[in-house]
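Colleague: Before I ask anything, let me first share the structure, which is written out below as structure tokens.
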């Protein structure tokens, strides 16, 4: 009798324990289980098909035993009546887990031929052995294995559950090998009775000596077939060879074209590639076999400079279809020889496979579909694919809303509240030197990745292409991989210089679908640009002198939209309502330019000066006269004293040659005597 250790089955709170709780016992052996009460009970008993024990009082333990256990459906349940009826209604029970096993009466090996009788097997000729196991239990705890020498060659599948003994059988298909000659073959039964049962419990058949007659030699491996790398236009030979008896039959599997030739040679087969092209890229498989075995070997051929060859073509590689429309795309072989090499063809559309080479849809509404593939398998090439990109779109709606939002004032650099001015038509006046945001709304458009938005100012394209975002979410990054229709907006920032008085904006939305495009233009936004007054300071100096008695004209010019009103002010009040002002008095004069947007002023300081030029001229004239008089006075005195003296002609004779006073046409000096 064998015992295990485990846990019995009982209700929670039941004060009973079993020792041992689990029992693994061989059929016909004795068994004993002790039931122990861990707290006082009224009475105890064992319920069983063999050796049941009725109520026993004043007991803290009770032993159930059987000398010869032969009941395959045996149960042994210990029960007790409790003093406290509030616990488990006053009664509880614990079950003993019992496993009964039985060795087979015999384990034998039979075969489907006379191999066991003659003791000889032909090499390479399949042979079937059968292991017969009679009356073994339990079947679910039995594993049947086949062994050749020390090598396990087969483990049979698990058997169905059984309580009592049954007959088991397992077949082993054996192909005799020369290296197994002289070894023994046997069938073994192993009992797997779990952690509570005995270990290494086995039962084997008798040994059968293998005697292999080496009459046939099956093919073992293919030699001389290696990968090749070829130049375009070159030739090459692939060789396939294997030793076997009987002789082998050869067959090649490859992409068959007109420049490839197969010839069976003595002891092998040769494949000739003439004038290699890209079509010859691929795998070449040599199959060799006889009645004993079939083997194969695959090698690769690469044609340098040749592209990978996929002999498929589709009617279109880019399918652009409007949502809800239908279409048909065909996938065919691109060369005449491809059809004979093709194994199968189908369309892979999402998770669906559509058999054949025609993909037809009557009403396409799947926004998630962006790509489909035609898949075909060809000999030597394997599986190749041709893709079709799918673009599902909606037409751009006729109305594309364009609106203007005040964004940032350049002067204050503050973020004001957003002000929706108007969506279409004339928008009224805007203010110069202020930044605005123009927004173009494109509703219900798909796919957004194909959307192009262009902005125009006064009919001319703007350099700023704008920023795209989902309408109402300007701070979120737009996911351009969205396939379904969405509302999209584009905005740009604009500001206006003083030289601009009117401006017009439009936006254009275009779906660039590759094969064609769809576009729509928004209504126009027309603006008049207003500017605050600005005074032209080039015509006004901050400080101007004015001479008394000589008026000076001050010119004040200013631009703005609307045209500003110009007034001159001084400390005496308003002096005029035009841009020109004549001043004769000194002081500060202010030019003020005003329109509806504000005002601008410029202060001119007028400095009054006296005109001393006449006084200076009179003083100079008097001075000149006085100097002249003094000069004349002194000169007259000098003249009298030096030039106007008195002389006498007495006693002086004149030379009167020729009777003339003059001589030789020259004046003769007259001698004068100074008078005293």
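The backbone N, Cα and C atoms fix where each Cβ goes, glycine too.
Below are the features I grabbed from TrEMBL:
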| type | residues | note |
| --- | --- | --- |
| DOMAIN | 219-302 | domain 'Ig-like' |
| DOMAIN | 416-526 | domain 'Ig-like' |
| DOMAIN | 533-609 | domain 'Ig-like' |
| TRANSMEM | 612-638 | transmembrane segment |
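I'd like to know what surrounds each of these features in this structure.
Modeller: Model confidence over the domain 'Ig-like' (416-526) stands at 79, taken as the mean pLDDT rounded to a whole number.
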Colleague: Please count the residues of the domain 'Ig-like' (416-526) that DSSP assigns to helix (H, G, I), strand (E, B) and coil.
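Modeller: Split by secondary structure, the domain 'Ig-like' (416-526) comes out as 3 helix, 60 strand, 48 coil.
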Colleague: Reported in the order helix, strand, coil, what are the DSSP residue counts of the domain 'Ig-like' (533-609)?
Modeller: 3 helix, 51 strand, 23 coil
Colleague: Would you mind splitting the domain 'Ig-like' (219-302) into helix, strand and coil residue counts from DSSP?
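Modeller: For that range the per-state counts are 3 helix, 46 strand, 35 coil.
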